[in-house]
Amino acid sequence: MNNISLHSGYNIPLLRYWQSASCTVTKDNLIYPIFVSSCDDADNEIPGLPGQKHIGLNNLVTNLQPLVEKGLKCVLIFGVIEDCVKDERGSAADYGRSPVIGAVKLLRAQLPTLIIACDVCLCTYTNSHHCYIPNAHGEMDVERTVNRLAEISLNYAKAGAHIIAPSDMSEGRILAIKQILQRNGFSRTVSVMSYAAKFASSFYGPFRAAAGSGDGSTDRKSYQLPPGAAGLAVRTAVRDADEGADIIMVKPGLIYLDVVASIRRELPNHPLAVYHVSGEYAMLKAGADAGCIDLKSAALEILLSFRRAGASIIITYLTPYLLDLDLNDVFN
């Protein structure tokens, strides 16, 4: 056996493809996260997230239509509030001029083939920048928080969202959201993608600045997962699956591939998403801009690593760039 060469099994592109067939990536695997501003005319580059924008409703279709024509299938919407007061309960998440609700209605009408996922959390809309409603002692009021998240989810579903994506990490919110959707006739038409394994990570900085959800000083370690808690991440994923989550997510993705693989083994029949988060994206772009790495080959290798670990859905700011590539060029 020591004299047998393995090089013959991957010496040409087709053989390399066959060796990696379970890891192939198509445009259908991608979700593009977008920041929709409450300022209707916004179309501004986001500092710290090169190539990404705050986009108002008046410019949303113009920005997304070319991507849809290139094969974009799904967006994940984050609202950015710039012209109203934030409060304890995050009223701006679904108020009359909510950018998320406006974006969902607009995209359903103007880009009907596009699948629309909506992030559901309170941190962008609360004056505390926390993902919960506090009780009298300033701690999480679980019941009020979960009820509020379910209310927001229902309003996004009524606007036309295909997927609700709660990212808050409050316990019991998946069941509450599934129940309110069922009671209101959305049980068959609106999916729930749970940020089940969301870690208290240092790699969210550019996102928090972009979404206005805190400057990094807000301590979320009591409800987001400890970075070393791989077993706890599997337990939260199983819990959310048992509560009815249609899709399970790991966030961040690139630095938690072991968790992705563990959850894939534990939940082999659930679609599994990874979020290639803002800090990971910013590092990649900075390295490429400095000439330290080749952006194309590195991006394709990252996609391959997500798929190899078991993810079927990849949420990434690289999506517009990737839509112009042959995603299987990594095998050539």
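Using the three backbone atoms N, Cα and C, a Cβ is placed for every residue, glycine included.
Automatic, uncurated: that is what TrEMBL annotation is.
Features as listed in TrEMBL:
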- K198: active site, schiff-base intermediate with substrate (ACT_SITE)
- K251: active site, schiff-base intermediate with substrate (ACT_SITE)
- R208, R220: 5-aminolevulinate 1 binding site (BINDING)
- S278, Y317: 5-aminolevulinate 2 binding site (BINDING)
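Overlay of TrEMBL feature records on the structure.
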residue	record	DSSP class
K198	active site, schiff-base intermediate with substrate	strand
R208	5-aminolevulinate 1 binding site	helix
K251	active site, schiff-base intermediate with substrate	strand
S278	5-aminolevulinate 2 binding site	helix
Y317	5-aminolevulinate 2 binding site	coil
What subset of the recorded positions K198, K251, S278, Y317 lies within 10 angstroms of R208 (5-aminolevulinate 1 binding site) at the C-alpha level?
S278
R208 (5-aminolevulinate 1 binding site), number of other Cβ atoms within 10 Å:
20
Which residue among the active-site residues K198, K251 has the fewest other Cβ atoms within 10 Å of its Cβ, if you could check?
K251
What subset of the recorded positions K251, S278, Y317 lies within 10 angstroms of K198 (active site, schiff-base intermediate with substrate), using C-alpha positions?
K251
Where K251 (active site, schiff-base intermediate with substrate) and S278 (5-aminolevulinate 2 binding site) are concerned, what is their Cα separation in Å, rounded?
11
Tell me the Cβ neighbour count for Y317 (5-aminolevulinate 2 binding site), meaning other Cβ atoms within 10 Å of its Cβ, over all protein chains shown.
27
Within 10 angstroms of the C-beta of S278 (5-aminolevulinate 2 binding site), what count of other C-beta atoms is obtained when all protein chains are considered?
24
